[in-house]
């Protein structure tokens, strides 16, 4: 009897979580289309990240539709500007990669370029949590995302592994992409990014505490 009750409890929890993910997916699709697709992707994605981040950090329910809409409106212009910056960075790295592969053909230059590409991808993955967690200037969002990517490489590796797993999951269960594709993809990325931010904050706190601790040396 205890086993049955426990099973239904976990089944209910999973069903509730799945329902929330489906609502997020619907909100993302509708508001992306509302922003004419191109201009709606950035604020809709950030709005989703904001809600998931609150689940992680506050461990409580939020009114999904209301929170999604408010964040979408508030961040519409700013997120589009920031996403444009990421797009330009990505295009720059892609052109460099193409030139390196086609014309330069230097192993060492190619290796350095691949490092920057990997750091760039990891930084972009961290950007969503950085944006919803901190109140920074436009340039500081890029800087903070890059610093976290460099400071916490294991979380970045975990992100890429989770994306590979999800790729095969979608391959065998393509129906998931229609119902929960966007939030299910973002969820592990945001989780590892959240843990990376918390880790960096804890390290900074330890450094501050050490600097405040008086040291008594020999006179």
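One is the number of the first residue shown, and numbering goes on along the chain from there.
Cβ from N, Cα, C; glycine included.
Quantities reported herein were computed from a predicted structural model and do not represent experimental measurements.
Per TrEMBL, the feature transmembrane segment maps to 12-31 (among others).
According to TrEMBL, the feature transmembrane segment maps to 76-95 (among others). Under 8 Å from some Cβ of the transmembrane segment (76-95) lie the Cβ atoms of residues 35, 39, 41-43, 45-46, 113, 116-117, 120, 124, 127, 131, 138, 141-142, all in the same chain and six or more residues away from its ends.
Annotated transmembrane segment per TrEMBL: 107-134 (among others), in sequence order. Same-chain residues lying 6+ beyond the ends of the transmembrane segment (107-134) with a Cβ under 8 Å from its Cβ atoms: 45-46, 49-50, 53, 57, 71, 75, 79, 82, 86, 89-90, 93, 96-97, 100-101, 140-142, 144-146, 148-150, 153, 156, 159, 186, 189-190, 193-194, 196-197.
Counting only same-chain residues 6+ beyond the ends of the transmembrane segment (146-169), those with a CB under 8 A from a CB of the stretch are 118-119, 122-123, 125-126, 130, 176, 184-185, 188-189, 192-193, 195-197, 199-200, 203. Residues or ranges marked as transmembrane segment in TrEMBL: 146-169 (among others).
For the transmembrane segment (175-194), same-chain residues at least 6 beyond its ends with a Cβ under 8 Å from one of its own Cβ atoms are 18, 21-22, 24-25, 28-29, 45, 48-49, 52-53, 56-57, 125-126, 128-130, 133, 148, 155-156, 158-159, 162-163, 166, 169. As annotated by TrEMBL, transmembrane segment applies to 175-194 (among others).
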